[in-house]
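Here the structure is laid out as structure tokens; the discussion comes afterwards.
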Amino acid sequence: MLQQSPPRFTTIVEGNLESGHRPADISENCCCNCPPSFPGGICWRAFFRAFWACYILSAMSAEIPSQETLVPRNVLGVWWIFCVIASLLWVICAIAHRHGYDPLAKPLLDSPLTDITVYAQRFELYRTPAFFAKSSDPKVSTFAYPPAAALIYYFFYKIIPHSRYLYVGLSALVSLVTIGSLWLLGVRFLRSPFRSGLFVATSLLFSFPFLFLMQRGNIELIVWIVIAIGILAYFRGALYLAAVLFGIAASVKLYPVLLLGLFLSRRKAYGPFFAGLASCTVVTLFALWFSGPSIGYAADGFAAGVAGFQGGYVKQIRFTEIGFDHSLFSPLKLLAIQHNMSLASLTRPYYLIAGLFMAIAFFLRVRKLPSINQLVFLVTAMILFPPVSYEYTLVHLYLPLLLLLATFVGYRSESGPPVSSIVLGALVCMLILLLPVDLLGKLPVFLAGQLQVIPLLFLLGFTVAAPWTSEAAAVTAVSL
């Protein structure tokens, strides 16, 4: 019935949740008294009605499935169990809000699209020395991203006059392309429009990280798109294209540089590895030159902004956001504050230990494993190890999950080998991470992010424990 390809709704880490700025609502309430709406008066209630309408219509595909078993029963069982759990969480949330539940933070309802609008006034000063100066006006937020990210914001603010509409349009386009691609891929591999429609419909239940990303309006959306195209290029054999895309993504948010590790496991792939580093360097230098007034002046200004973010978010606990932070550093921060330890004294040891663990695990074990193991390991690491990592970064798991499901193609015959419990465990971890656990918002003690660290650590362990097959994953990537 169901087989490979969860949503590619992929993909985000800093922005307003990280920068902590919450400007006034960008649009008034809708006619049905919903919280702040999307630009153009599209209310969130209408958005969710459309969401469930698409879900129901997708499930009502008009073909009776055959009795052929395309995937192992235990894989189907895991998928359906998590579909039921996700459905219950969505329903509980809807009922709770319907009956007046008012959490301290509403993940999909509070101040929509603030991450894409938070720097609007700051970018009126872009390409001038005043861009890097601190402002006494709290509405003029200090820019806290690397230089290449400024090019994206400049595009949203200056080239297109309505940044919110552009972001919503881009998100909608990504959604449509993803759903269409999943359905076509499902028809090809599942051999049935019914199975394909059912798979797409149930996949929507795990779309919370994407919806959260879309609601925040974070530029992680751009990073996710670039990384997803790079992953597909890698599995198609276009190594230089993949490396350049990973380098561009790393110039925007730093942590995607880990994906260049994919090229360190191939003897002849050092060329793409250095091409990726070169693309990151070239884009960064261009962004510094474009920002002006000189490369050195801009470098100092951007470094000061990133350092300010580190001081405000990495070296402090912000109780509004800590419940959405699944970085490995976040539970350490909670433990440190319980014992009156300085967070500033922990950051350098954390970077050192996390870096050493990554290097040892990758070079001694992971680089010898199939490509799907390496990909899942590196993607999980870039979600887990940054000192701050919010809910929307989980969108990067969508494409690896699709490729992981593709590995079960080799197990679909009754006479074939049994499904590895390790691969099945990795599937369970991914589905746990994509559950909408944050829907009810921030309670007085809300540790959803810290609890997500557990399946992320298990997922790392499963990638190291045993090799998975990569052939079906490569075929899937070529088909997309």
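Just so it is clear, glycine is given a Cβ too, placed from its N, Cα and C backbone atoms.
According to TrEMBL, the transmembrane segment annotation covers 76-96 (among others).
Listed as Cβ neighbours of the transmembrane segment (143-160) (distance under 8 Å, sequence separation of 6 or more from its ends, same chain) are residues 14, 18-19, 116, 119-120, 122-123, 126, 131-132, 166-167, 219, 222, 248, 251-254, 283-284, 287-288, 290-291, 298-299, 302, 305-306, 308-309. Marked as transmembrane segment by TrEMBL: 143-160 (among others).
Marked as transmembrane segment by TrEMBL: 166-185 (among others).
Taken from TrEMBL, the feature transmembrane segment covers 197-215 (among others).
Residues annotated as transmembrane segment in TrEMBL: 221-248 (among others).
Summarising the annotation, TrEMBL assigns transmembrane segment to 269-290 (among others).
Outside the transmembrane segment (349-366), and at least 6 residues removed from its termini, the chain residues within Cβ reach (under 8 Å) are 258, 261, 264-265, 328-329, 332, 373-374, 377-378, 381, 385, 387, 460, 463-464. Among the features that TrEMBL reports, transmembrane segment is placed at 349-366 (among others).
Remote same-chain partners of the transmembrane segment (375-399), defined as residues 6 or more beyond its termini with a Cβ less than 8 Å from a stretch Cβ, comprise 6-14, 17-18, 107, 208-210, 212-213, 216, 218, 220, 224, 227-228, 231-232, 234, 254-256, 258-259, 261-262, 310, 313-314, 321, 324-330, 347, 350-351, 354, 358, 361-362, 366, 426, 430, 433-434, 438, 449, 453, 456-457, 459-460, 463-464. The annotation transmembrane segment is assigned in TrEMBL to 375-399 (among others).
Under the heading transmembrane segment, TrEMBL lists 419-441 (among others).
Under the heading transmembrane segment, TrEMBL lists 453-470 (among others).
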Cβ-Cβ under 8 Å with the transmembrane segment (269-290): same-chain residues at least 6 beyond its ends: 127, 146-148, 150-151, 239-240, 242-248, 250-251, 257, 260, 262-263, 298-299, 302
